[in-house]
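For reference, the structure is listed below as structure tokens.
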């Protein structure tokens, strides 16, 4: 889909920030800090077929639905993107995204690489950010330090991380999370800079020249 054929109203579009990262990179921590500093962010709530984790709430963290319901919605073109990850389906509803952006509000997406590639077809002008570990050795160390996953799951996550990193070449921005504070400063700066882009200020020039 081209920018010209997008379903969004370019006269009043918020900033869309898409953040992807392999498991263990620190994405959740960085996103939480960004949302705390910028509470104006709308957050894209995904649907998933996986069971809720401890302290997760339906309608707040995810919409937890059955596989049958997910497939039915997918066939109805309900999702802007969807993916099958680690044995479960994940998908981002399209309608709320369009409403949020057309109202001029900023929105944050926390999705995987498969989903980001699909979302690009609908939102090519979003800012796509990929978070990287400093090394694969460090990523393995972080995954093991959690103490929650079996060895086979750790190995699967490392394999997935390798595949995801190899697909990161098309993203707009890479941020290496070696130091959490430095990585956050870079993420914050990327967000603020994206708001200055002409593609998110389509009426600025017209308003400046109006009446001249």
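Each Cβ is built from the backbone N, Cα and C atoms, and glycine gets one as well.
According to Swiss-Prot:
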DOMAIN    14-192  domain 'Guanylate kinase-like'
BINDING   21, 22, 23, 24, 25, 26, 27, 28  ATP binding site
ATP site, defined by 21, 22, 23, 24, 25, 26, 27, 28: further same-chain residues with Cβ within 8 Å of the Cβ centre: 131, 133, 177
Mapped onto three states, the DSSP assignment of residue 27 (ATP binding site) reads helix
What's the most sparsely packed of the binding-site residues 23, 25, counting other C-beta atoms within 10 A? 23
Other C-beta atoms that fall within 10 angstroms of the C-beta of residue 26 (ATP binding site): 17
Which number gives the other C-beta atoms within 10 angstroms of the C-beta of residue 22 (ATP binding site), all protein chains shown included? 24
Sequence-distant neighbours of residue 27 (ATP binding site) in its chain (C-beta under 8 A, six or more apart): 19, 20, 21, 110, 131
Looking at the binding-site residues 21, 24, 28, which one has the fewest other Cβ atoms within 10 Å of its own Cβ? 28
In three-state DSSP terms, residue 21 (ATP binding site) is classed as coil
